[in-house]
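Working notes, structure below.
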Amino acid sequence: MAAADIARQVGEDCRTVPLAGHVGFDSLPDQLVNKSVSQGFCFNILCVGETGLGKSTLMDTLFNTKFEGEPATHTQPGVQLQSNTYDLQESNVGLKLTIVSTVGFGDQINKEDSYKPIVEFIDAQFEAYLQEELKIRRVLHSYHDSRIHVCLYFIAPTGHSLKSLDLVTMKKLDSKVNIIPVIAKSDAISKSELAKFKIKITSELVSNGVQIYQFPTDDESVSEINGTMNAHLPFAVVGSTEEVKIGNKMMRARQYPWGTVQVENEAHCDFVKLREMLIRVNMEDLREQTHARHYELYRRCKLEEMGFKDTDPDSKPFSLQETYEAKRNEFLGELQKKEEEMRQMFVQRVKEKEAELKEAEKELHEKFDRLKKLHQEEKKKLEDKKKCLDEEMNAFKQRKAAAELLQSQGSQAGGSQTLKRDKEKKNNPWLCIE
């Protein structure tokens, strides 16, 4: 493009200013490329599918390498997500590739909640990136972006229809990640069955409202090939790292008693189509879609939950400061309301406690009066008994004194008579003879 043809747009009323000579900002694309190459790229793939569908083998085949990883155990009660990151180099371009596998997916008897760990994992990566964005001191240029850029959903080659587990899982994931469905081990069914199976899968996805990733057609440079490849979805793939000699060439293939399936032969499977669409043509679009669509949706929902918004009820622009002040005032209002409620509750409880204490005090007074009355009655009874006892004792003493007096008088009278007799005997001796 000539320098005179370059224009800078500022708005609808901007002017086109021709340049008198070379300025140099036509090198911006080169600067961007050089900077991007020096920083490297990251790409994160989520492989979802039942055990034994060849997920690890397909990853090895896609990147033409043997990824070392810990062998997965399938004895877990639920679905476990296993993440492995690898540094790859092709020419002078570095790629930090993360492969996340769903260990144990579809192994449970009750598969109702099999999708939940996957959704939680994807949301956790979004949340980690959001927290990094919200920091005061951000280091996004060196932050390892772990957001999932594409989900390769492996469909079992049944030849009939999608399983309920597949439909439910893809429906839960389609708003969170770019889904590319693939028919795993497609050499297990015939070509005619495979063609019908593809049509059936596409029909079921549409009827159930599952939104899978569509290769973009708005870029003229790739619109034709992407439009063609959209018609081939879902891709029927075969993976193999084994090289077989076919003719004079060594090719990756799978050998069977009835023949050989060449992985990179488009007449045998769609592996080449998948590799072209996933890596060579649309890798950057997958990264952009993840950030601009899925992450933005998550970010918007989280910020709305936190009370942030772009416009007020009258659809007028609402700045971050205004949002903060509104949220702060709302929080203070809620705090004051809570304080008032707590104060009222405290006052009410104090009143209730006072009423309880007054009632208890009243009961105690009544009990005290009752006991006091009983005590007085008992005291009066005892005093009456004591009075009666004193009267009886006085009467007894009087009777005793009277008896002693009578006894004393009787003794005195008897003594007088005896003396009188003795005197008479002395004076009259004949009385003694008697």
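Heads up, residue numbers simply count up from 1 along the chain you see.
Each residue, glycine too, has its Cβ placed from N, Cα and C.
Of the candidate ranges 84-87, 184-187, 308-311, Swiss-Prot annotates residues 184-187 with the feature region 'G4 motif'.
With a cut-off of 8 Å between Cβ atoms, the residues of this chain six or more beyond the region 'G1 motif' (49-56) that come close are 67, 69, 74, 101-102, 104-107, 152-156, 184-185, 239.
Remote same-chain residues near the region 'G4 motif' (184-187) are listed as 49, 53-55, 58, 154-157, 194, 236-238, 254, 256, 261, 268-270 (criterion: CB distance under 8 Å, separation of at least six residues from the stretch ends). Secondary structure from DSSP puts SER27 (phosphoserine) in a helix. You'll find the Cα of LYS367 (N6-acetyllysine) roughly 101 Å from the Cα of SER27 (phosphoserine).
Confidence across the region 'G4 motif' (184-187), taken as the mean pLDDT and rounded to a whole number, stands at 91. LYS367 (N6-acetyllysine) is surrounded by 10 other CB atoms, counting those within 10 A of its CB over all protein chains shown. Taken through DSSP, the region 'G1 motif' (49-56) splits into 2 helix, 0 strand, 6 coil.
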